[in-house]
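Engineer: Before I ask anything, here is the structure I am working with.
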Amino acid sequence: MNGNGTADKPGPPGGKPFGPGMGPPIQYPTGFKLYSIMTGLYLASFLTALDRTVLVVAIPQITDHFNSIDDIGWYGSAYLLTFCAFQLLFGKIYSFYNPKWVFLSAVLIFEIGSAICGAAPNSTALIIGRAIAGLGSSGIFGGSVIITFFTVPLHQRPIYTGIAGVIFALASSVGPLIGGGFTNNVSWRWCFYINLPVGALTVVTILLFLNLPPARKAGTPLREQLLQMDPLGNLCLIPGIICLLLAIQWGGSTYAWSNGRIVALLVLAGVLLIAFVGVQLWLQDKGTIPPRVMKQRSIAAGMAFTICVTAGFMSFNYYLPIWFQAIKNASSFHSGVMMLPTVISSGVASLACGFIIHRVGYYTPFMIGGSVLMAIGAGLLTTFTPTTEHPKWIGYQVLWALGCGMSMQQASLAAQTVLPKPDAPIGISLIFFSQSLGGSVFLAVDDSIYSNRLAAKLGSIPNLPQSALTNTGATNIRNLVAPQYLGRLLGGYNDALMDVFRVAVASSCACVVAAAFMEWKNVRAAKAAGPGGPGGPGGPGGPGGPEGLRGGNKV
């Protein structure tokens, strides 16, 4: 251990000096320095995960404050559009510039967006702030994993990946509780202001403790740097993603799917995304997504797996609380408490699997086994009825959440394992792009199924207009009908929610198929290879090596 809190790495076997092209060994931070860096990263990750759910219970007060009922959809969509659209561009930026400064820039953008939201004088300013915060989040989300990639040895990363899974599950579940606490006791503006001091703490810890080698752009002319960012590809990708998400957000709710606006958006999205694929095939390694990375077996399977597991996670995370509120007459706060079996089980499974993978090295068995548990648990959750008692809704949650916790984080670990270090930021960004896009698409699918099935099931109840179903919260549905129709009302809500849960069953089964295509790679193999080995410190594709991320070679 040296005086800087980093571990000194030994030279090649036999005590020989590092040979030509091997480069010096990398020094990973240890002890207090490492823990400080990871704390900063976890705080930033917590904020981005929290920001996606904390606003849910605050929206009614915001719309009352600004008299902006027509803008409700934009409070979530503005954040989501920039969050998804810029994920892959940030991956390219991380692969070319020093991740420390890219990450800090993303945190600063997120903080600016949060400050604008908190101080917003009108609804338009709030929407702009949400879009800026989403842009910052797109760099934080994958950036925290990319920095972990450069600060933690591969064989130890499963532990930190497991902790990240706990953070994500906790933030996603407690967001509505925190939002409700601020909204009811202080002000909805504190749903955004809380990000400022926590984000500042992240900035301080990363500034003080994270030190990375010089960026690959050193000595590269500015024009060449801009060309490395694939401007043509991103001019196709970013508008294409925005058009796709707008069509998904508006289709079936604001406008009919056959409406000219939706059709035009879908056609434009298709044309732009096809053009993006063409640009990537033309540019090859100089593109935003090198085709060889996309064709890597574990990356392709990992993206499919991530889309499917996120679909199930979002379905239950959003609609299971609605079941508790509508069917079990739970308050918003109490429904959050009733979700604790999911939070605790997924967190424990994620952390335990991290330690086990650290010991045994293989992550693929946990993806396969976790997918099977998810499929079984999701299937059992579709058996809920208005009379289902707590032993079942607790036990079925636990079974599904254990599978989710076992498997959800492993695709990003696979990207770090199978790719050489120059490609790792791109691979990690692809996984997180799949997560954000999959969640967005399937939430829209769930919402369409839920709304249509609810209207079909409850349309025959006397004196129950369609507007009452869409404008009444789940906690107040019992006030919509006379007592003699309450059973039909609850049965209709239950049936509509079970149809949504069946989407999660299908996606969980698809996870099993995707996981079966993952390669069986051992994260401990890189440790055994030692410094100078392929992908290892000082070796080809490794930090300090001739083809490493910091090596200065052109892409």
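The backbone N, Cα and C atoms fix where each Cβ goes, glycine too.
In case it's useful when we look at the structure, here is the feature table from Swiss-Prot:
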- 530-555: compositional bias 'Gly residues' (COMPBIAS)
- N4: N-linked glycosylation site (CARBOHYD)
- N122: N-linked glycosylation site (CARBOHYD)
- N185: N-linked glycosylation site (CARBOHYD)
- N329: N-linked glycosylation site (CARBOHYD)
- 1-20: region 'Disordered' (REGION)
- 528-555: region 'Disordered' (REGION)
- 101-121: transmembrane segment (TRANSMEM)
- 132-152: transmembrane segment (TRANSMEM)
- 162-182: transmembrane segment (TRANSMEM)
- 190-210: transmembrane segment (TRANSMEM)
- 232-252: transmembrane segment (TRANSMEM)
- 262-282: transmembrane segment (TRANSMEM)
- 304-324: transmembrane segment (TRANSMEM)
- 337-357: transmembrane segment (TRANSMEM)
- 364-384: transmembrane segment (TRANSMEM)
- 393-413: transmembrane segment (TRANSMEM)
- 425-445: transmembrane segment (TRANSMEM)
- 497-517: transmembrane segment (TRANSMEM)
Engineer: Give me the stretch from 101-121, 132-152, 162-182, 262-282, 304-324 with the greatest number of Cβ pairs under 8 Å to the transmembrane segment (190-210).
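Structural biologist: Maximum Cβ contact count belongs to 101-121.
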Engineer: By a Cβ-Cβ criterion of under 8 Å, what residues six or more beyond either terminus of the transmembrane segment (364-384) are in contact with it?
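Structural biologist: Apart from its flanks, the transmembrane segment (364-384) reaches 305, 309, 312, 316, 320, 323, 327, 349, 353, 356-357, 392-393, 396-408, 410-411, 414, 494, 497-498, 501-502, 504-505, 508-509, 511-512, 514-516, 518-521.
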Engineer: Of the stretches 101-121, 132-152, 162-182, 304-324, which racks up the most C-beta pairs under 8 Å with the transmembrane segment (393-413)?
Structural biologist: 304-324
Engineer: Just name the winner among N185, N329 (the glycosylation sites) by count of other CB atoms within 10 A of its CB.
Structural biologist: N329
Engineer: Counting only pairs at least 6 apart in sequence, do the transmembrane segment (337-357) and the transmembrane segment (304-324) share 3+ Cβ pairs under 8 Å?
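Structural biologist: Contact confirmed: at least 3 Cβ pairs fall under 8 Å.
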Engineer: What does DSSP say about N185 (N-linked glycosylation site): helix, strand or coil?
Structural biologist: helix
Engineer: Give me the long-range Cβ neighbours of N122 (N-linked glycosylation site): same chain, 6+ apart, Cβ under 8 Å, in sequence order.
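Structural biologist: Listed in sequence order: F66.
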Engineer: Test the contact criterion for the transmembrane segment (304-324) and the transmembrane segment (425-445): 3 or more CB pairs under 8 Å, pairs 6 or more apart in sequence, then answer yes or no.
Structural biologist: yes
Engineer: Are there residues at least 6 beyond the ends of the transmembrane segment (162-182) whose Cβ is under 8 Å from a Cβ of it, and what are they?
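Structural biologist: Here the qualifying positions are 38, 42, 45-47, 49-58, 144-145, 148, 188, 190-191, 194, 317, 321, 332-333, 336, 339-340, 342-343, 346-347, 350-355, 357, 405, 408-409.
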Engineer: Between the Cα atoms of N329 (N-linked glycosylation site) and N185 (N-linked glycosylation site), what distance do you get, rounded to the nearest Å?
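Structural biologist: So the Cα of N185 (N-linked glycosylation site) lies 23 Å away from that of N329 (N-linked glycosylation site).
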Engineer: Hey, which bits of the same chain come close to the transmembrane segment (425-445), Cβ under 8 Å, at least six residues off its ends?
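Structural biologist: Long-range Cβ neighbours of the transmembrane segment (425-445): 80, 83-84, 87-88, 90-92, 94-95, 99, 138, 141-142, 145-146, 149, 241, 245, 248-249, 251-252, 288-290, 293-294, 296, 299, 302-304, 306-308, 310-311, 313-315, 318, 411-412, 415-416, 418-419, 503, 507, 549.
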Engineer: Counting only residues 6+ away from its ends, which parts of the chain sit with a Cβ under 8 Å from the transmembrane segment (132-152)?
Structural biologist: 28-29, 34, 37-38, 41-42, 44-45, 47-48, 51, 78-87, 90-91, 93-94, 99-100, 102-103, 105-114, 116-117, 160-161, 164, 192, 195, 206, 210, 212, 412, 416, 421, 424-425, 428-429, 431-432, 436, 543, 549
Engineer: Kindly assign N329 (N-linked glycosylation site) to one of the three DSSP-derived states: helix, strand or coil.
Structural biologist: coil
